[in-house]
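Engineer: Pulled these from Swiss-Prot:
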- 47-107: disulfide bond (DISULFID)
- 67: N-linked glycosylation site (CARBOHYD)
- 117: N-linked glycosylation site (CARBOHYD)
- 1-16: signal peptide (SIGNAL)
- 17-146: topological domain 'Extracellular' (TOPO_DOM)
- 147-167: transmembrane segment (TRANSMEM)
C-alpha cells in the first residue's frame, strides 16, 4: 500500500524525469514532504531509480549525508514499468530538528557489482522545510456537513416510507370494512326449543 502511494506521489510531483541511458540506472530525488509522526515533524525524502536492474541482480539504492554517513532507508523494487524497464524506490524519513546534520542529502545507486555509482545532485533539506508539502491532519468541516445532509436525507426517506406504510394499511382496512358491510348478514340457524322444568 505504501509503495503504491509513493509511486502515485512521484507520478504527480516528478512528471518530467529523464530516463536512464542504455540501461544505466538513473536516480532522482522527489521534492521532500513534511509529515507529523508521533507529534514530531519528519521530512520524507523519496528517491526513484529509473532503468534499475531486474529482480535477482544486484542494484542497491542508498542515501548518504554531508557528514559522510550512509543512512538507513526503506527500499522497494524493482518493479516493472509500462515501457518494459524496471524501477526501484527508496524512502528516507528524518526528524525536522536534525535536518542540518544530514545536509546535503544525496541518493546513490550502483548498476552491478563492478559498476560505477550514479548519484543525484545534493539536496539541501533545511531550505526545503518551509517549501515542502505538508501532510498534517486537516479539519473535517466539509465531511461533517456531508454527514449531516446524509442523515437528514435518510430521516426524510424514512418518514416517507413510514407514511406510505400507514396509508397502505389504512387503505386496506377501509377495503376490509367496506367489504364486510356489502356482504349479507350470516344466516342464523334455528335454535332447538327450550324445555322448562317446572318444579
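Each position is counted from 1, following the chain as shown.
Cβ coordinates come from backbone N, Cα and C, glycine included.
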Engineer: I want to check the contact list for residue 107 (disulfide bond): same chain, sequence separation of six or more, C-beta distance under 8 angstroms. What comes out?
Structural biologist: 27, 28, 29, 45, 47, 49, 61, 62, 63, 90, 119, 120
Engineer: According to DSSP, which kind of secondary structure is residue 117 (N-linked glycosylation site) found in, if we only use helix, strand and coil?
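Structural biologist: Residue 117 (N-linked glycosylation site) sits in coil per DSSP, no helix or strand.
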Engineer: Over the span of the topological domain 'Extracellular' (17-146), how high is the average pLDDT in this prediction?
Structural biologist: 76
Engineer: In terms of DSSP three-state secondary structure, what is the assignment for residue 47 (disulfide bond)?
Structural biologist: strand
Engineer: Let me check the 10 A CB neighbour count of residue 47 (disulfide bond). How many other CB atoms are there?
Structural biologist: 26
Engineer: I'd like the Cβ neighbour count for residue 117 (N-linked glycosylation site), meaning other Cβ atoms within 10 Å of its Cβ, all protein chains included.
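Structural biologist: Looking across every protein chain shown, the total is 12.
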